[in-house]
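Asker: Handing you this structure, nothing more for now.
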Amino acid sequence: MRPATLFRLSTAGTRTDTLRTVLTGTSAALAGTVMLAAVTVAAVQGGEPLEQPDGTAWLAPGAEHYTSPLLREPGLRPGVIFGLLLLTLPVLALAGQCIRLGAPARDRRLAAIRLAGATPGQAVLIAVAETIVASILGSAAGLGIYLGLRRILHEPGPGGSLRLPTDVFPDPVPLVAALLAVPVLAGLIGLIMMRGVAVTPLGVIRRQRGRGPRPWPGLAIAVGILLFNVPVWLSDRMVLSGYVFGALMLAGAALVMVGVVVGTGWISYTAGWLLHRFGRGPVTLLAGRRMMADPWNGSRTLGALLGATVIGGAAMGYHALFVTQGRAEDRFSVLIGMPPDPEHAAFYVNATRLVLIAVGAGVAVSAAGMLVALAESVVSRRRTYAALTAAGTPGRTLAGTLLWQTLAPLVPALGLAVVSGLVLVRSLYHEVTVGGGTTETCTDPAADPDTCARTVQTDPVVTLPVPVPWEQLMLLCGGTVLTMLVVAGIGMLVLRGSTDLEEIRAV
């Protein structure tokens, strides 16, 4: 198939296909903007200690004009990069949900292309090319957003100080890699999601599920937690660069997110079996059978939400760590007779604020993903809903079924996501220790420092356990459930339009 033909076929379609392309491109633009911000932070140089010939050490120039220590200190910049890349994961999950929008109509269009003589591989290639084209356009838009934000946010303060690294531009290689990463990842997601789609010229296929999903994704969660801890274990035995450290931790967090999202299929099937076995009334029976018939609907609908919740659980763990670290340093300062350092307090407050902003952004992105996936699920089954309405099923019964299908897998999956994210952090940091160093001073201050008698003074040690942030976790879970209820309410409005009896004739 010639590239020009592939491009024309991948960009053709109805208004639903256009909407899918726009939403996929929008999510790619968000992910591309965040990735460009990450490579910009990686391009910041300076702050490293440089030893002088006389034995003293100076800090390398280049980062002293930034107001935030997260940018000034080279040991903290990999953490910022890690956090930004972690924020792209729910955005990529949103892209995966947008790919499924209008899937039945797209499958029928691909079936028509099969009738025209295309092979199954070419049909899948057309669907993947549609995703890649939308992602490339989104990455280009993300580059424009990034350049525009650089100009808007470049506000030098007194002495040329900057809050953000708007004076640094990434090298061409990481810049291009960040722009191409989103289309490549989106194409892989589209290929994986098309793996289970049978594109046949007949347009009809019968599948029979022999058994429900198995809980093997729990192994992925366990392996991801272990991989998250590997950099700390290796750093005690060898020298690891900050970027290798962050890459291993990012891979572990991504594996945990994949395990949670995929494991929702087993949770949904089990919840459906329980509803069908012990439920009473048409609402629970319909919801239970629907969840058993399509257990992966929960993974598709809740994918971005659960990904953001894993990040939220980890963020709440870091929030508790920052607060405990600040308390330990203040207590240490009091023990050595020094007042608490206000700069340390401001640093931890700003770090905590950034964590909360990241959590809020993740939940907002996940809410958009849930709305897209839920609307797609309702629209794709509009003939079934219309047939049930024609058979006499009340609208409130269908609405209750939709609510059960949404909340029954959500509550246990939400708990699993929050606990998994929290365990990621607590497996590394369950307590904070400050102090314990030694200081050597001359007994006689007037004596020669090289030959004088020395007194060794040991600093006190402050060890505080990092508490489990129950209040923040409950707030995160409650806010997530409330968000899901709002989205489910909007989905019921879509359901009302899908129960029109004319939808029975829809093709």
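Quick reminder: no glycine exception, Cβ is built from N, Cα and C everywhere.
Keep in mind it's a predicted model, so treat the numbers as computed, not measured.
So TrEMBL has the following annotated:
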DOMAIN    86-195  domain 'ABC3 transporter permease C-terminal'
DOMAIN    358-493  domain 'ABC3 transporter permease C-terminal'
TRANSMEM  21-44  transmembrane segment
TRANSMEM  80-103  transmembrane segment
TRANSMEM  124-149  transmembrane segment
TRANSMEM  173-194  transmembrane segment
TRANSMEM  215-234  transmembrane segment
TRANSMEM  240-267  transmembrane segment
TRANSMEM  301-321  transmembrane segment
TRANSMEM  354-375  transmembrane segment
TRANSMEM  402-425  transmembrane segment
TRANSMEM  473-495  transmembrane segment
Asker: Hey, does the transmembrane segment (173-194) touch the transmembrane segment (21-44), meaning at least 3 C-beta pairs closer than 8 angstroms, sequence gap 6 or more?
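Answerer: Stretch pair touches.
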Asker: Could you check if the transmembrane segment (240-267) is in contact with the transmembrane segment (173-194), meaning 3+ Cβ pairs under 8 Å among residue pairs at least 6 apart in sequence?
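Answerer: No; fewer than 3 Cβ pairs under 8 Å.
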Asker: What parts of the chain pack near the transmembrane segment (80-103), using Cβ distances under 8 Å and only residues at least 6 beyond its ends?
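Answerer: For the transmembrane segment (80-103), the list is 14, 16-17, 19-20, 23-24, 26-28, 30-31, 34-35, 37-38, 41-42, 70-71, 131, 135, 182, 185-186, 189-190, 193, 197, 243, 246, 249-250, 253-254, 257, 261, 300-301, 303-305, 307-308, 311, 314, 354, 358, 361-362, 365-366, 368-369, 372-373, 375-376, 379-380.
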Asker: Who are the chain neighbours of the transmembrane segment (301-321) in space, where the CB to CB distance is under 8 Å and they lie at least 6 residues beyond its ends?
Answerer: 86-87, 89-91, 93-94, 96-97, 253, 256-257, 260-261, 264, 352, 355-356, 358-359, 362-363, 365-370, 373-374, 377, 406, 409-410, 413-414, 417-422, 424-426, 429, 432, 466-469, 472-473, 476, 480, 483-484
Asker: Which sequence positions outside the transmembrane segment (173-194), separated from its termini by at least 6 residues, show Cβ-Cβ distances below 8 Å to it?
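Answerer: Non-local partners: 24, 28, 31-32, 35-36, 38-39, 42-43, 92, 95-96, 99-100, 124, 127-128, 130-132, 134-136, 138-140, 142-143.
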Asker: What does the DSSP secondary structure composition of the domain 'ABC3 transporter permease C-terminal' (86-195) look like, as residue counts for helix, strand and coil?
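Answerer: In the domain 'ABC3 transporter permease C-terminal' (86-195), the DSSP-based counts are 87 helix, 1 strand, 22 coil.
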